[in-house]
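Here is what Swiss-Prot records for this protein:
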BINDING   117, 118, 119, 120, 121, 122, 123, 124  ATP binding site
DOMAIN    89-164  domain 'Cupin type-2'
């Protein structure tokens, strides 16, 4: 018999389907096992390629968000813009911040995928009484009407994605640098 790393250790204890769709519940070896694992190569080749970073909304979309976020090298790129929310990717250089800001009618969710930093939040720009260290896999929730800033304190770029509800930037937004983002706000 040939070595197959995906085959069960004992053929008597295979996972039996819950519903019978006309096939035998016991797989014949090796023909049926080949069919089960045929898609594994397709999945890995899909994940290895670089994604074209552009706005894919409002069409249905699936992405490896971790990989897309780490691939992004712009200050801000809209990845998906719909009617009710928006996903943007951000990359902050060493010592860079997103800038102290407030979204009066927009809730925001941010997730750190790489790097470390500090998030500051508060009811007024002069009183940011909420401060936390953030790092890989940290989630940040910013309620509407809250002043906030994220600062990269690490020695690598801080890579994160942000979800705005409702959308906060125009469809297709790409800001190469923070200066571009500030100019677009004016």
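Each Cβ is built from the backbone N, Cα and C atoms, and glycine gets one as well.
Here the features listed in Swiss-Prot are painted onto the structure.
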residue	record	Cβ within 10 Å
117	ATP binding site	24
118	ATP binding site	14
119	ATP binding site	20
120	ATP binding site	16
121	ATP binding site	19
122	ATP binding site	17
123	ATP binding site	13
124	ATP binding site	10
Could you please provide the mean pLDDT value for the domain 'Cupin type-2' (89-164)? 97
Counts by DSSP class (helix H/G/I, strand E/B, coil) across the domain 'Cupin type-2' (89-164): 0 helix, 46 strand, 30 coil
